[in-house]
Amino acid sequence: MSSFGYDPYFSTSYKRRYVETPRVHISSVRSGYSTARSAYSSYSAPVSSSLSVRRSYSSSSGSLMPSLENLDLSQVAAISNDLKSIRTQEKAQLQDLNDRFASFIERVHELEQQNKVLEAELLVLRQKHSEPSRFRALYEQEIRDLRLAAEDATNEKQALQGEREGLEETLRNLQARYEEEVLSREDAEGRLMEARKGADEAALARAELEKRIDSLMDEIAFLKKVHEEEIAELQAQIQYAQISVEMDVSSKPDLSAALKDIRAQYEKLAAKNMQNAEEWFKSRFTVLTESAAKNTDAVRAAKDEVSESRRLLKAKTLEIEACRGMNEALEKQLQELEDKQNADISAMQDTINKLENELRSTKSEMARYLKEYQDLLNVKMALDIEIAAYRKLLEGEETRLSFTSVGSITSGYSQSSQVFGRSAYSGLQSSSYLMSARSFPAYYTSHVQEEQTEVEETIEATKAEEAKDEPPSEGEAEEEEKEKEEGEEEEGAEEEEAAKDESEDTKEEEEGGEGEEEDTKESEEEEKKEESAGEEQVAKKKD
């Protein structure tokens with residue numbers, strides 16, 4: 001920024017208006033005007049004050065004409081010093097305003113970039129979540145599918161429970177059969193024990209019989225031996241008797257017949273005894289053989305019954321073990337199915353909870369984004385309002401600075417006027433001052449125009465030096481030409497306004513002593529005209 005208030009953010013026409021001229025603040029011009037335009041006066045109070053001073057100067061150009069001759073050089077020097085100090089203050093204030101405005105513009109650019117980024121993110125989110133009802137329908141469809149799956153799992157569980165009840169009934173029947181088989185096994189074991197006991201008794205009886213057979217065989221052998229000995233002894237006796245009979249026969253012939261009779265009797269008796277012994281032995285052996293055969297059949301039947309009982313017991317035991325294994329497998333399968341169903345139900349419930357949480361988080365995120373977007377819109381609107389206010393303020397400053405020199409000189413020379421009841425630095429609040437300020441001479445207008453011309457020439461010289469250091473491009477040359485044209489148009493407009501002011505001053509001198517209400521109306525009309533002219537200039541700048 002140069003010493004003449006040059007700022008790269010502003011156009012040349014705006015820079016021409018920001019010259020180092022003093023600023024005169026008027027706290028209150030007229031009560032009616034301040035109440036009617038309070039909103040605008042909060043941003044453009046210096047503008048209205050300068051315009052009031054300017055009108056005061058233009059209206060009082062005739063009445064103060066004689067008083068100028070009475071001014072001495074000391075007062076003029078003091079006024080010039082005051083004007084210099086005011087210009088210095090104005091320069092500092094303008095630099096501060098330019099810096100603030102530049103910072104505001106940077107802040108606005110930064111916020112616009114952030115707004116663009118957020119709008120892009122919002123657009124992406126809207127595209128991503130363009131149909132929240134579709135997600136809701138998808139979630140609801142998935143929830144319905146999961147509920148149907150849960151119902152199917154419940155139905156399957158009920159079917160498995162029915163099957164489990166049937167298996168439990170089968171198990172109870174098998175357990176009843178098992179108990180019956182256990183009882184029959186115990187009965188068979190009891191009968192087997194009795195059969196074993198009978199077999200043992202039969203074996204003992206057989207052993208006794210075998211012992212008795214052995215003893216009888218020994219007795220038969222002994223009897224045979226005794227019989228043979230007896231036969232031998234009898235034969236010996238017979239031979240001895242025969243010899244003796246022969247001897248007697250020789251002596252007594254009748255003894256041989258007697259010996260034959262005795263031998264025949266003994267032979268008959270021995271044959272009879274042998275036959276009786278053989279018959280008794282045979283009958284006894286037959287009885288023992290029959291009893292042994294009977295006992296053997298009973299033992300064999302008992303053994304067969306025991307083996308059959310063992311086979312049945314083993315088969316029932318295997319069947320019971322198979323039923324137990326099947327029961328355990330079914331219970332294990334049922335437990336696995338229950339665990340699987342519980343796990344599936346818990347997983348489905350977790351999925352439902354997760355989807356509900358995601359839906360809630362998505363809704364909250366959408367609400368947060370909408371709130372942030374609303375906040376950004378509010379901030380953007382506030383910034384737009386603030387920018388519009390600053391634009392209005394800058395337009396008012398542009399309008400005010402075009403007439404600041406006239407107002408400053410008027411406020412400086414107002415110290416020597418007896419019409420004013422107070423200093424120009426105390427606020428210039430009285431209406432009598434405004435009425436007397438209209439009598440200032442017209443040649444101060446030319447002096448102000450000369451100062452503005454000098455300032456513009458200085459700015460153009462500064463721009464020419466900068467252009468030498470940095471050659472302008474085609475676009476910048478076109479912009480400079482446009483700015484020159486705008487400056488010429490503004491100068492023509494200012495000349496027209498000066499001519500209008502002179503004509504208005506002439507009319508005001510003729511009208512002379514009108515009241516404050518007419519002045520207020522005229523000032524409002526002038527302000528409206530200047531506002532329309534400023535808006536036209538702003539529109540031209542924008543174009």
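Every residue, even glycine, has its Cβ placed from backbone N, Cα and C.
Positions annotated as compositional bias 'Basic and acidic residues' by Swiss-Prot: 460-471 (among others).
The feature compositional bias 'Basic and acidic residues' is assigned by Swiss-Prot to 529-543 (among others).
When averaged over the domain 'IF rod' (90-401), pLDDT in the model lands at 80. If you look up Swiss-Prot, you'll see 90-401 marked as domain 'IF rod', on the strength of sequence analysis.
Per Swiss-Prot, the feature asymmetric dimethylarginine maps to ARG23; the stated evidence is a large-scale study or a structure entry.
Annotated omega-N-methylarginine per Swiss-Prot: ARG23 (among others), in sequence order, evidence recorded as a large-scale study or a structure entry.
Under the heading omega-N-methylarginine, Swiss-Prot lists ARG30 (among others).
What Swiss-Prot lists as phosphotyrosine is TYR43.
The phosphoserine feature in Swiss-Prot is assigned to SER56 (among others).
Swiss-Prot lists SER67 (among others) with the feature phosphoserine.
What Swiss-Prot lists as phosphoserine is SER103 (among others). When other Cβ atoms within 10 Å of the Cβ of SER103 (phosphoserine) are tallied across all protein chains shown, the result is 10.
The phosphoserine annotation in Swiss-Prot covers SER473 (among others) and is backed by a large-scale study or a structure entry.
Annotation source Swiss-Prot lists phosphoserine at SER503 (among others), citing similarity to another entry.
According to Swiss-Prot, the phosphothreonine annotation covers THR520, on the basis of similarity to another entry.
The phosphoserine annotation in Swiss-Prot covers SER523 (among others) and rests on similarity to another entry.
The phosphoserine annotation in Swiss-Prot covers SER532 (among others) and rests on a large-scale study or a structure entry.
The region 'Head' annotation in Swiss-Prot covers 2-93.
The DSSP breakdown of the region 'Coil 2B' (282-397) into helical (H, G, I), extended (E, B) and coil residues amounts to 116 helix, 0 strand, 0 coil. The recorded stretches the region 'Epitope' (382-392) and the region 'Coil 2A' (254-272) do not share 3+ CB pairs below 8 A when only pairs 6 or more apart in sequence are counted, and are therefore not in contact.
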